[in-house]
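To start, the structure under review is shown below, and the notes come after it.
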């Protein structure tokens, strides 16, 4: 892809309006004032220290201290107001601008032409931009900017204080300032580098998991679980190496932060020189040191935000270049010719078109087609003759046509909403009339919630025929001038097709209609038929004319025979993703998974324990050093300062070693545990029955999110969260002990006010840290809508529904802005209260210390020691408490992970008591089988099914859509178990047979073949568990009539099929799936509409080739009677039971259901040579 490009930082605000600029100005002012409060507080605190060290310990000193303590309260009030203004304004304007950016980006994406999205932008890339990149931009223009300004001001203010207090010490320290900043800068860039490496690897592993789960039926039928797990594990290997490097860098950099200890040693020595020469006092030395060190640290914090700004700028470039892109076919273009009325005359002249990914291989060559207004034209031809590609290059007025496609675009919304995409303002009566016309109303009203039924992800809760009829209703309700029908009845049974064809006959009256179809019954009444071969029109004319003189058309018609219906496999959803379990029990199990790295774990926690002790000891030495400057004996001062100059570097060495020990070892534990958890989770998931995956909460995206999110949360819990808790525990014990031993009175007050102190830092961390998470959560629904819109881009474009989608998105974004406005006020008030309580509590502590000193209850030296110790420990405790949400997430993730690992699927593929089936003969029996999908338990699909298929014979299943044919295939594969009754193979209940061994002997080709994102060779080879030769793959391809088209591809068998085979036509994908099944060489072959996407010639060639696979049991579901009439036996299904059975001739002689189906087909083919 080349180097990542970015926009300027100022460009991030290009979508800000006047209100946003007012908010930005106010937020900036708040950040500046907020940043100045800390240097002001240092000055006051320095004055207090000097009062303690120089004034007599009497009432006058107490009065002075009380006056200074009151100044703390005034600063606290200013900090409260400034913090509120800063945070609330920056958060609110960031959300407003980001919402505007989301809407503009999605609007621009929906504006792009189809080929651009197919070839240059993946759906995943676009969804990531909508969900992730907008958050990155939002972070860069919201509270992170205020945080950056505040820290820069604090840095400048700190250095100004340092130079005004003791300019000689400030100049001496200044050269060392970069040492405070560089570790943070290096840490950010190094961690980002390794994190990007990890994410790239995780992304590859995630894609493997996602395609495995999305194609779970294919994976199960091919017994490819082990192959998928092996690929997933190999992809995760590199993440461990990157994680270990990340741990090493983290240990080195955080250990290097101890450089401040060495700086304190230098300041202690140089400050003592200044004090002894009367050029400064102790308060000025300490104030200068704290101001410079905290100022340098503030600059480091500011620099850490630069990474956020860089990521935001790069994310903005990814979005802006799409927003600015003007597509070649621009539906928003207003300077073109405006047609007051569309008559519908379409002409394509000398069109040459090829995919951008294969520009050197045009799919349309000198293509010319004239479609008169108000007439119906049909396109026919072999599979892969690029009939549908006309859509990519057509320059039609979109609002005047409607489109119905074989790969129906059905979103996750209600049935009613899907139909309304055709006409947004349609009344209920119009919807019902359109549904009636599409023969859809009868099945819709039988659904549990009628028109308010959710259709599921990609319409998974609907059968193929049901989805097709909803799409037809959507097209009919639009009442367009131009109607495009691409295989509009391919998924319907003959009865439904007859009704729909009658409706379409009425719908196309007076409209220009273009039909793409394999069935002659669909196009025989067209005003003109065009036959395509190799991207050219070779014959045109009416059906009768072409039958008389057209060779190519007559050849296609001669291949067609009456056909039988199909039912797409129903989806049942049976189990819940998360089970509530006892977290404590699972925590022990989690630890058991980490036992291989137990030594590293012990060493890592020991390092955390040691680092926890370093903090209070460092603060204690700082307190000791302050009092030394007020000694009158310079020799004693020099002696103690020299001691501290030795101790501080020693503490730096200790800090470096324990940090390195902690992070290196815990990184090893976390990374290996994360990999182990991901592998164990996917392995457990691949043991669940298919019904588990059919639930909405167990969709491929949801499961992959759990795989990634839960493992990452638990890894962070082990490497960061638990170690910080150990650090905190040791720091609290040491500091509380020091405070109570030195002076129990002041110690108790400090311990009593510690919760307030901790509360302040906790609020600061949680308010700011939690913003991004809450914002992401608030945008989840908007991102889901965007994802759905992108996946259904063709449908939305065809129906000009961009406005409807954008209005829905804007509604969700407006709700998000309103919600964020409330949360920004809450966060601003929370942070303001935190700063107020922080400074006010310091004032209280110093006031009480002044009272105790004046009453001789404590020495001022012990005041300094106790104050600095508790100041340091409070921050550590607050950071630990700030992890409370993370700990809650960790508990939820542990619950989720072990909910999967401990869950047992309804179908146990590893049942130790199961019997190996041996080599099966292929005899199939279904005895009194009743079945209902768990998602629709009230709809019984199979009602007492009895079916017998002798081994080595072929059986066809025919019947109306919804009669349960595909369900029979699913039960034979044991994707589900029946409610009652028995399914047998070779006389044995399949529940008693070892499932993996059984599936190895069953081949399945489904109506919608699932290809993996791999090469064609790899997709075919997926059908064999063991390694296979190239010759075997080619032989299987020849049998499936796929070798010829594969050989014509630029890279042959090495051609990448794309995600879900998007780079191949439907017929090409079908043939690859058949080749995959052939390579498996099964004893039982299940063909569920396996040739539905093939032209008639290809279908006959494949059928002839499959006949060579003699001695196998074959179960066939197909529309075309040419596919089933030569089977050894045909079973006619109705309402979930077999109502007729026999050979074609026997069933015809019965004059029953099968006879009616055939007569329906013959009526559709009257006047043709359908055989």
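Cβ coordinates are placed from backbone N, Cα and C, and glycine is handled just like the others.
Straight from TrEMBL, the features:
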TRANSMEM  21-44  transmembrane segment
DOMAIN    25-311  domain 'ABC transmembrane type-1'
TRANSMEM  71-92  transmembrane segment
TRANSMEM  248-270  transmembrane segment
TRANSMEM  290-310  transmembrane segment
DOMAIN    346-559  domain 'ABC transporter'
TRANSMEM  602-629  transmembrane segment
DOMAIN    602-889  domain 'ABC transmembrane type-1'
TRANSMEM  722-742  transmembrane segment
TRANSMEM  748-767  transmembrane segment
TRANSMEM  829-848  transmembrane segment
DOMAIN    924-1160  domain 'ABC transporter'
Any chance the transmembrane segment (71-92) and the transmembrane segment (21-44) are in contact, meaning at least three CB pairs closer than 8 A with a sequence separation of 6+?
yes
I need to check the long-range neighbours of the transmembrane segment (290-310): which residues 6 or more away from its ends have a CB within less than 8 Å of a CB in the stretch?
6, 9, 35, 38-39, 42, 136, 139-140, 144-145, 147-148, 151-152, 154-159, 161-162, 165, 170, 173-174, 177, 180-181, 183-185, 188-189, 192, 260, 263-264
Find the member of 21-44, 248-270, 602-629, 722-742 that has more C-beta pairs under 8 Å to the transmembrane segment (829-848) than any other listed stretch.
21-44
Checking distant contacts: for the transmembrane segment (722-742), what same-chain residues at least six beyond its ends satisfy Cβ-Cβ under 8 A?
604-605, 607-613, 615-617, 619-620, 662, 666, 748, 750-751, 858, 862, 865-866, 869-870, 872-873, 876-877, 879-880, 883
Please give the sequence-distant neighbours of the transmembrane segment (602-629): residues at least 6 beyond its ends with Cβ less than 8 Å from one of its Cβ atoms.
49, 53, 261, 264, 268, 271-272, 275, 281-282, 285-286, 637, 640-641, 644, 647-648, 651, 654-655, 657-666, 669, 722-724, 726-731, 734-735, 738, 860-861, 864-869, 871-873, 876
